[in-house]
Structures are given as structure tokens and as C-alpha cells.
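The FAD binding site feature in TrEMBL is assigned to Thr100, Val237. If you look up TrEMBL, you'll see 282-296 marked as domain 'Glucose-methanol-choline oxidoreductase N-terminal'. Feature annotation from TrEMBL assigns active site, proton donor to His519. The feature active site, proton acceptor is assigned by TrEMBL to His562.
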Amino acid sequence: MCSYPSKSLNSIASKSYDYIIVGGGTAGCVLADRLSTHGVNSVLLIERGPVVDSWASRVPLISSNFQDAKSPAYTFNSVPLPGLGGRSLALVGGKALGGTSKLNGLIYSRSVPGEYNAWESDGRVGWGWKHVERVFEKSENCLSFGGSPGRGTHGPWQNQTIEEIHFKPVQLNVDAASSMGIPQSKSNDPDASVLGWSLLDATIDQQKHRCSTDTAFLPKSIVSRRKNLSVSTGAIVTSLDIEPVTAETDILRVVGLHLEDDSDSKKRYHVSCVKEVILCAGAIGTSQLLLLSGVGPQEHLTTLGIPVLKHLPGVGAHLQDHISVPILFKVPITDSIELLMGKPITAIKEFLKYLFLNGKGILGQQVQHANIILRSNLLDDHGQVRKHIDRSELDSHLAHNIPDIEVMFLPVNPTDRKFDGLAKAYGAFSYLCTVLKPKSFGSLRLASSDPRQQPLCDLGTLSDPEDFLPLRKALRLALLLSEKLRNTGYPLQDLSVPHDQSDAILDSFAKENAMSTYHYSSTCRMDTEDRFGVVDDELRVHGVAGLRIADASVFPQIPACHLQAPVVMVAERCAEFLLKSE
Ligand SMILES: Cc1cc2nc3c(=O)[nH]c(=O)nc-3n(C[C@H](O)[C@H](O)[C@H](O)COP(=O)(O)OP(=O)(O)OC[C@H]3O[C@@H](n4cnc5c(N)ncnc54)[C@H](O)[C@@H]3O)c2cc1C
């Protein structure tokens, strides 16, 4: 079997390409495919990590375990976070062709139409739901609801909803939610109400393999065939080559970039760009690279001795993440994913089921099967659904109805905390209570001018006291659900649970237990320069010609969903902008 046709640094060095894409992650693979389809433009995609295509990387559940030594993940700690009493949080992302889509939790979610209508009403021309719906549709091949309004069946990126719920507490929770007046709603249905529980769409293909953006958009067959497309892996871009357009002007233009072997900093390479460079290095990598290249807040760059080419204060100024707080219970080990560790015979059975029964069983699924997403003002102070709700409050197209909390049902311990007997004597079930529209935000700054040193990431978690309001409601809703489970006789036992439901106890529980949802975003927001924006409505970096950004950095605010589908939508949109301008 021939290996992936990745190009060496020597073979691309000193050459010119029409388009150069930095970062072959979730967005970068989409863009590389779209820009090279017609064979007119020469396209170079540069990815820092390797090509990963092992059997394990395709099995949905196994490939989601980013703590496994073989996972193509990078991890590092945030700076100490004042909102969490000085605790740091672990940050995680993908470092491989396909980026974070190689190891994420597989959820495919677009957020509600109101999300994009809010962008539009805030001035982002061409980003309302009526503009982006068809773009979501274009990328996807929806295997479950194909033919439903707004769902695509012709795109390369497959997703499906697996109807079978394996774990009893998940089933009991969706039953409990229904009994509390939270109805089932269809995942990603643009007309569904903003109050509902859903079985989730997941980027799992027909063969029950993970469908990451490298396998969907840039399979070996495409890259081998397209002579105008070069993919180079294991290469880190260390800075952009930016010059004044002419000697008399202060208008800047990107003309190429500098790069090195990721594991060897001795030799430097350069490639030139004829048309544009597009940054797809993720919300952390993209802002880091701009800062390293002298594009960012003047004061910060000067402190590090980096020559300031363009003073752009918005770069790295608005790092956002969803804030998650897990409540954990002990459950019988057979009712949790921990059974794969604690019960070797069951693990072998699941393995054989996956192999020989067309991906059936636990391994062929995502970790998170179902969730509740809603707007917290639909709950009263005790976490109960309000008695009188006006129909207009449920309309998902309205910007002021965007859901702001999610309760995920996880049949596993999602934290890095160790508990005696877990995965041996018992398993874990957790409610991951998440603030989807945090007011808190932090920043990304360089630790040094060394491109290999991780930047200083301040996630800003719980730095805005207003975030405690939706969080308390999410925690109370989860505790109500847990009571309903106990009332059915189900043996839930406390593992990490708030002692009571007073505001003070819930808030301190949140501070002690909050974790990253790994949804970094908005470090190079799409907005005008005077409002701390970094890119305009066609994703062009303010003040630097020939440079765009298309990844999780550009969201004006973090979307109220898991981020990979909106990231792919942004990449598709960027390809449209570029091809239209030819
Ligand atoms: C553990 C985890 C679980 C998640 N679960 C879900 C989920 O279930 N559903 C969902 O929708 N979202 C999920 N997310 C979030 C989602 O996957 C990401 O937000 C999204 O994939 C980010 O896409 P991106 O293109 O912006 O960045 P990435 O996919 O991270 O791509 C960036 C790429 O750029 C490369 N790169 C960076 N710097 C350089 C450089 N200087 N030179 C060359 N290459 C560089 C990196 O190696 C990487 O491959 C999860 C995230 C994590 C970490």
C-alpha cells in the first residue's frame, strides 16, 4: 500500500505557490481541497503534525481518547486563572493532518440560525443564516436525515445519528428530561425549538469510521491525483514574510513564509506566495503566528523585541472557550465506558462486534450520545422548566433566543481526577454542565519569540460573574435529573457533587471543578479594526494584503455549539471568497 503523498521540505522550498494554507487541520484540509479542485491554482498546504491513518485513529471511541500516548494531541497548561482561584486548566488540540478533527468528540453541531443572524445584525455582512445554511449543507453528507430541509447529502463530510443508546443512565436521563417538559428535538434541525434534548449527530461515516476532514476532503486518492496540490507535513511555519507593497507606502503585503522541520530547527526554508496566504492554524496557532510575524498589539510585541509591522490590538485579545463543570456519580461499571478498562472480556467482545458486525457496539459510537441544550431563562431558579413559555421564546431564528447552556450526558469520567476503585469496582456517569455563551474571555500572548514555545493562554474562565447565573441553572437542572434517576431506583451514588444547591455552594463547586471544553475560539475576531477585529467580513486581515484567516479564530463570539461544523463552514466560505475574486 503506497503511503500518503506528503512532500518533503526540500521539495517545496524556494518555490512559489498561488495559495499557501498554514495548518492542515479541520479547516485547512477543507480549504486545500476546495482551492485545488479545478487545477488552475497551485496550492500548498503546510501542517506541523504527521499524517495519521492507523486503524485506531479510525475507530470512533478509541480515537477520541486524547489521553492515549498514541493520540496526535498536544497538551499544555493555561496560565493560572484568577476566576478559578489561580488554578490552571489543561488545553488540548490536534497536531496532525486533519488537526483536532482527528481526536475530537465527533459531535456535529451547527448552532441555531439565531447565532448567525446575530452576527449579521451586529454588522457581519453575508454571515446571516440565509447565507450560511447552504454552506453547511454543501460540506456534509448527512446519512441520517438526508432529504430533511437544510441537510446535505452530496458533500464529502459524513455524519449520522446513531439511534441505539448503550448506557442505561443516558436512556434514563432522556426519559427524565421528557418528563420534566423538555421534549426531544432533532439534532441540527434549524426549525427545532431552543428547548430540547437530542440524540447527537456525529462525524462517523458509513463504515462506522471517524470522518475527519483529512479523510473526507483530502484522501490519498485526491492528493495523488492533483498535480496542482502539494501537502507538506511535519513542517512548522515560524513566521510570515511581510513587506511594504512599495517603498513609498506603509501598505503591507504577505509575500511568503518561513518554515522549518518541526523536529529540527537547524535549517530554515522559505516559500513564496503569488496570490494569498490563508492561516488555518487554529485559534491558538493562528494568533501565535501573527504575533511572531509582527502583527498584533504594539506594546506586547515591543516587550518581546519583535519588530512591529502592523499594530493590530485585536490579535489574541479575545480568547474564548465554553466553560464546563462536571457533576460525577458512581454507577455500575457495566453502565459506563470504564467497563472497557475494568472488564477485559467485555472489551474483547466489543472489539469483535465492531470488527465483524459492521461497526456495531460501543466502539463505533461517540462518547457523548445525547444532551440538553436550552436557553437558561426558560428555567426557573430551581432548574425546572418555567410553566408559561411564550412560543416566540422558543424560536431558534431569533438572535436573542440563542441557547446559553448545555447539559451533556457522559457515561464516563471526563476529568483527569483519579478516584479509588473507578474502572475497577464501579464506573462513572457525569453531567457536563456547560455555559455556551460565556461573557468571560481571556487572551493569548507569546511567552517568547520562539515559535516552538507554547503561548501564554489565559482562558478567562469564570472571570465574568454573570457566567455564574446560567451555570447555576445548568447545575440545578442536572441535580434535578439525578434525583429523577434515583427515584426510579437506579443506583446513583455521589462521586463529585455539590453539597447543597445554594448559590454560594454551587459557585464554589464551579470554581473548584470547572474545566476547559477545548473549544478555543475568537482570538482573531471578524469585526472592524476599531472594535478589536482582526479580519473583515471576507476574512482578510486588516492592513495586510494577501492574508486571510479561516479557522476557529475568526468567530465574532464563540458559537453556542461544538465548533467543528462552524469551522468547516468558515473554510468553505473562505474558498468561495477567494475563487470569486479570480
Ligand atoms: C478533545 C477535544 C474534543 C472536541 N470535541 C468536539 C466535538 O465533539 N465536536 C465539535 O464540533 N468540536 C469539538 N472540539 C472542537 C473542534 O474540534 C475544534 O474547535 C476545531 O476542530 C478546530 O478547528 P481548526 O481548524 O480551527 O483548528 P485545528 O483543527 O486544531 O487545526 C489547526 C492545525 O494547524 C496546525 N498548526 C498550528 N500551528 C502551525 C504552524 N505554525 N505551522 C504549521 N501548522 C500549524 C496544527 O498542527 C493543527 O493541525 C473538540 C476539541 C478537542 C480538543
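Including glycine, each Cβ sits where the backbone N, Cα and C put it.
Curation does not apply to TrEMBL; its annotations are automatic.
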Averaged pLDDT, computed only over the residues in the domain 'Glucose-methanol-choline oxidoreductase N-terminal' (282-296): 98
Spatial neighbours of His562 (active site, proton acceptor) among the recorded positions Thr100, Val237, His519 [C-alpha, 10 Å]: His519
Summary of DSSP states over the domain 'Glucose-methanol-choline oxidoreductase N-terminal' (282-296), given as helix, strand and coil counts: 11 helix, 2 strand, 2 coil
Spatial separation of Thr100 (FAD binding site) from His519 (active site, proton donor) - C-alpha basis, Å: 10
Greatest C-beta neighbour count within 10 angstroms, which of the active-site residues His519, His562: His562
Assigned element (helix, strand, coil) containing Thr100 (FAD binding site), judged by DSSP: helix
Tertiary neighbours of Val237 (FAD binding site) (same chain, Cβ under 8 Å, six or more apart): Val22, Ile46, Arg48, Leu257, His258, Leu259, Ala281, Leu289, Pro451
